[in-house]
Structure formats: structure tokens, C-alpha cells
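Enquirer: Before anything else, here's the structure in question.
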Amino acid sequence: MASQPQDTPSSAKAQNEGGKTALQRSDVQLSFVLARDGVHQPRKVPWVTLVRAYGHFKLSLSEAKRGQQLASLDPLALGSDSPPPENQAMPKKLQGEKTSWGDHEPLSKIPFKIMKGHQHIVSSCHFCVDDTKLLSGSYDCTVKLWDAVDGSVVRNFEPEPGAPVLECSVTADSRRIIAASYDKTVRAWDLETGKLLWKLSHETFVVSCKFSPDGKYVVSGLDVDRGICVTDAEDTTTVSHIKDHHRMSVTSCCFDPDSQRVASVSLDRSIKIWDITSQATLLTITKAHTNAISNCCFTFSGHFLCTSSWDKTLKIWNVHTGEFRNQGACVTLMQGHEGSVSSCHFARDTSFLVSGGFDRTVAIWDVGEGYRKLSLKGHNDWVMDVAVSNNKKWILSASKPGISEPTAHNS
């Protein structure tokens, strides 16, 4: 078993309550948080999931101050707008908002809302059905579909998994969903009818699962095998099963936009990309971070890969040209989180990047300029996952003990 991250705090209480930050709690624009509805008996979860739940919270005030431009290189050619001045006015409330549902935070200058339904940690979240629905998976052994307008639960997918859900995923056409759970299975349902389509059992814990963009494949990240398994999304036949792909357990995996390559990251701090057609590893980046890598995501072009880490940073790699072999990451985003970064997600047009951390915040980054644009505060505990709507107006975040759909974001 791998050792837990260093500097584990004895309390999850934030260390900088008395210090100044660029943005305070009122900086959340519009958040919906799935919170606990009642007492729930804790369940055992995979050790990889548990060690994700420890962050590096201690940070001096000098380190916590907002950094200047962090990268002169603009690999994504997103424009050259300079960072906004410190005294820039906060975004206004959403126009025409007259009603609220769930637990509304009345003191926020930019409102967010809270959805209740899950009884334990919400581990995964997604937008679907043209941003009108939300999908969530939780350690309470449920997968839920939510109405993004009124916050109601549209469906609990049944039969429910027999153990905590570690991750869920939805096809690009919002027709099918999958969920990986601690009972070593991946299940697929029809999103519209709720019908169970298939159940795939593995010999080891499945810590990550993703549909390919074309909906033809499912990739699963395996714990004890330290590898990945690619299966056919229709008949669940195995396409690739790579054991010992990493030296330590896989923490996350994802497909590129062409559905031909699979990126995986691990506790061993490495990044690997596997090619389905050639059945070979295309590239390996060892020691990509100074601590375990928690998540990864491609840009829509597939040329760049973002990784988040327990070392409190995010890095963007040019996996198209291979320039990382000589120059390393083309962008390193730092001073955005005070603890381990748990998740990352690009906007569809790569105009901005969103990350979640165990410091209970969601950060919005200007990728081209390399600085944090906004820090969204409102969660009471670790942020486990984040997502961005296709129209770029909404940000969804999952937390312990709930999910949050923050903000309408004006890019």
C-alpha cells in the first residue's frame, strides 16, 4: 500500500481564514450542491480513493497570494488579454433570477444553490442532455439524474450498485451512462429509460471509468492491476487489457477526442498514453509531478493534456508534438489551490480550465495567460470532481458531502 500524502492535517479546517485572498466566499456565481439528507453508515472504499481524500493544506500567506503571470508561453493561442486588475468589479447576478430551490445561500453576492439527495460523498458529476440534466455518482451506492432547472431528482438508476460509486460517465449523445463501483463492477444504463444494459465484473477494484467520445468504447482504470482495460461499449468484449501499465495504482484515465488513445495517470507520478489501434504505449512521461497525479483531461483538439496533482499544481502537456521531452510541461498552473488538486476539466473550446481541490474551492484558469481568474468558494469540504457545461455558462462541482453546480461563468 502506498503511503499517504505528507503534511496530512489533523483538521480539514482551512488554514487561511484570517488571511486575505483574491476572492472571498461571495465569489461563487451560481452553485448547486448535493448535500447529505441524513445519517448514513460509512462504507469502506478503495485505498486509492481514501488517499485521494488527504490534501496538503498548509501554505504560508506569502505563497497564498495571487501570483503574477505564470507562463509566458501561450500554447493554446487563446488570446493575449492580460490578467485583470485586483480591483476589478465582481460579476453581476444572473439576470432574471427570481426563484431558488434547495438550500440557497442568501449572503452570497453571486448566488449559488444546494441540491439535497445523496447521503454520502459525491464522487463524480457531469452535465448531459444539452446541459438540462446533471449526472452524479456517490459513495452512498447510488447514481442519480437531476433536473438542472428545478434541482429535482429525475431518476435513481437501478438496480443500484452494491458498493460506493467511484466514478460515472455519460456518452456524448446522452443516451447511455456507466458507473464504476467498489464491488469491482462497471454498470451501464439507458439514460432515458433507466434500464440496466449490462454489468461488467473485473477481478480488481475499478477506480475510474470513461466512455470514448464516439461511444464505442469504455476504459476502466484498475487499482491492483495498475493498468487499464478497454472494452466494447455494446457487448463488453475486451479490446485491450494492459496490466502493470504503471508502477503504482492508476488514479484516472480518459480518451482523446478521436477515441483512439487513452491517457492514464497514477500514484507513481507518471503519465502514459495507450494507442488502441497499434496496441502499444505511445508515450510515457515519468516524474511528471512531484507528487501523485489525481486526474487528467484532453483539450477538444487532443493536442494537449492537463494533469492535476497532490503537489498543488496543474500542468498542461503538448502530447501532439512531443516537445515535453525537451521542455517539460508547456504550462504549469500554481498558486490556485492551497491543497491537493483533485480534478480538472477544460471548457469545450479550451477558453478556460476548471479545477477542484481539497482546499474546498473551485478555480477557473486562464490557460493562455497562466493565471487563476476566479476562486469559487462555498463548499464545506473537499471538492472531488468538476465539470463545465457545453455552453460554458455553468460549472458543476462534486463535494464531500455533496455536489455543487457552481456558477454561471462569463468567459
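A Cβ is built for glycine as well, from the same backbone N, Cα and C atoms used for every other residue.
Remember, TrEMBL labels are computer predictions, not curated facts.
Pulled these from TrEMBL:
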type     : residues : note
COMPBIAS : 1-14     : compositional bias 'Polar residues'
COMPBIAS : 94-105   : compositional bias 'Basic and acidic residues'
REGION   : 1-23     : region 'Disordered'
REGION   : 74-105   : region 'Disordered'
REPEAT   : 115-156  : repeat 'WD'
REPEAT   : 165-199  : repeat 'WD'
REPEAT   : 243-284  : repeat 'WD'
REPEAT   : 286-327  : repeat 'WD'
REPEAT   : 334-375  : repeat 'WD'
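Tell me about the setting of these features in this model.
Expert: Sequence-remote contacts of a segment are chain residues at least 6 beyond its ends whose Cβ falls under 8 Å from one of its Cβ atoms, and for the repeat 'WD' (165-199) they are 43-46, 49, 123-124, 126, 128-130, 133, 135-139, 141-143, 145, 155, 157-159, 205-211, 213-215, 218, 220, 233, 236.
Counting same-chain residues at least six beyond the ends of the repeat 'WD' (243-284), those with a Cβ under 8 angstroms from any Cβ of the stretch are 2, 48, 51-52, 207-208, 210-214, 216-217, 219-228, 230, 290-298, 300-302, 305, 307, 309, 317, 319, 322.
Note on the repeat 'WD' (286-327): DSSP counts are 4 helix, 17 strand, 21 coil.
Mean model confidence of the repeat 'WD' (334-375) amounts to 94 (pLDDT, 0 to 100 scale).
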Enquirer: Six or more residues beyond either end and a Cβ under 8 Å away: which residues meet both conditions relative to the repeat 'WD' (286-327)?
Expert: 2, 5, 51-52, 55-56, 59, 75-76, 251-258, 261, 263-271, 273, 333-334, 336-346, 348-350, 353, 355, 357, 365, 367
Enquirer: Taking helix as H, G and I and strand as E and B in DSSP, count the residues of the repeat 'WD' (243-284) in helix, strand and coil.
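Expert: When I sort the residues of the repeat 'WD' (243-284) into the three classes, I find 0 helix, 22 strand, 20 coil.
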